[in-house]
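Engineer: Sending over a structure as structure tokens; questions will come in a sec.
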């Protein structure tokens, strides 16, 4: 009889354990479906916004090959100032823009700045001289200042620390795609040269400015303000998501209020300043390639049109590596060594660019692929590193803007670059 009782207890215990395990499996399956649902609704659209933003930021390099320097009678030093002035406005308005995003909400602030920068981009086709181009680039930087740090902060509200790296990698890969897509697009647009009495570079600004305006209008209706207001989540899904985020130590997603004390905390946190210097170290070589890549390829003795098209494959390779590194970093839940490894690859690529001219354009082109792949792929793990380690909703919004803003000073330095002429 006692054995029977024990046997029944054992069976019941096993049944209870089995039911508990099944419940955990169901919960895990529910969370995976929920995260996938968020991925489908947010990541492609946000990546498209950033692709549009980065395309408008770097198309000045394509416009150079399309003749803007000659038509506006720009000297090399004036062209470099045009490149750098964008980042002056960009850096100065990062923090104010993220504060406004926190106050107004993503679904209001991002559409406003997108429509503004689309109008500015199209207006660049009408500039007649150096001061006009300078003013447009300055205000383009002011308008675009809120998108990247705003979206980085916005994504941190929807994912746990472990989930953020891959999503930031997918989002950031849009910048890499912009370089690849931008070269091919500029190659096609330049063929409209002298259509409707417009030069090729004017068509680049017009046709690449229109999508920003259209996407800005769409994003007003599409982007949810918060987890509580999103229409494609049920009440039970919202509860499950909030519980998941809290368990994943993402308390920022739960905090909704604006806090001036957290603004102060962001400015006195020493870790924020450490991340600022780490970020500028990664962003400077990133912009050195992005802004000058068509000219670098042209300097390898490719023609202007060929250089536009040849700039695409290195970006495509970099895009694949960026996503792979982000996925592996998220899977391993590790950031530092992934950043170091990618940065080392970028350093090797830059060294090869310096030492390979005597080996011909094929060797130089291979070196440019290595430099792109290493330089670009290091950034998403770094973004996830600081978004995962800064708490408080308002503090994170300000800190992300500070880090990204300071890092983009690298664009100012990168813009002050001599023209590229390799001897092959």
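Including glycine, each Cβ sits where the backbone N, Cα and C put it.
Where the annotation comes from TrEMBL, it is an automatic prediction and has not been curated.
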Engineer: Given the ranges 14-35, 168-189, which one is assigned the annotation transmembrane segment in TrEMBL?
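Structural biologist: Of 14-35, 168-189, TrEMBL gives transmembrane segment for 168-189.
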Engineer: In TrEMBL, which of 250-271, 272-293 is tagged transmembrane segment?
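Structural biologist: Checking TrEMBL against the ranges 250-271, 272-293, the transmembrane segment one is 272-293.
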Engineer: Please indicate, using numbers and ranges, the residues of the same chain that are 6 or more beyond the transmembrane segment (397-415) and have a C-beta under 8 Å from a C-beta there.
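Structural biologist: That would be 80-84, 86-88, 90-92, 94-95, 97-99, 101-102, 145, 148-149, 152-153, 156, 262-263, 266-267, 269, 272, 275-277, 279-288, 291-292, 386-387, 390.
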Engineer: Can the transmembrane segment (201-223) be said to touch the transmembrane segment (314-331) if we require at least 3 CB pairs below 8 Å and skip pairs under 6 apart in sequence?
Structural biologist: no
Engineer: Is the transmembrane segment (134-156) packed against any residues at least 6 beyond its ends, judged by a Cβ distance under 8 Å, and which are they?
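Structural biologist: Here the qualifying positions are 42, 46, 49-50, 53, 56-57, 60, 81-83, 85-94, 97-98, 100-101, 106, 109-110, 113-114, 116-117, 120-121, 123-124, 127, 164, 167-168, 171, 250, 252-253, 383, 387-388, 396-397, 400-401, 403-405.
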Engineer: Near the transmembrane segment (79-96), which residues from the same chain, at least 6 beyond its ends, have a CB less than 8 A from one of its CBs?
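Structural biologist: Residues packing against the transmembrane segment (79-96) from afar: 57, 60, 64, 69, 130, 133-134, 137-142, 144-146, 149, 287, 291, 398, 401-402, 404-406, 408-417.
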Engineer: Do the transmembrane segment (108-127) and the transmembrane segment (168-189) come together with 3 or more C-beta pairs under 8 Å, pairs six or more apart in sequence?
Structural biologist: no
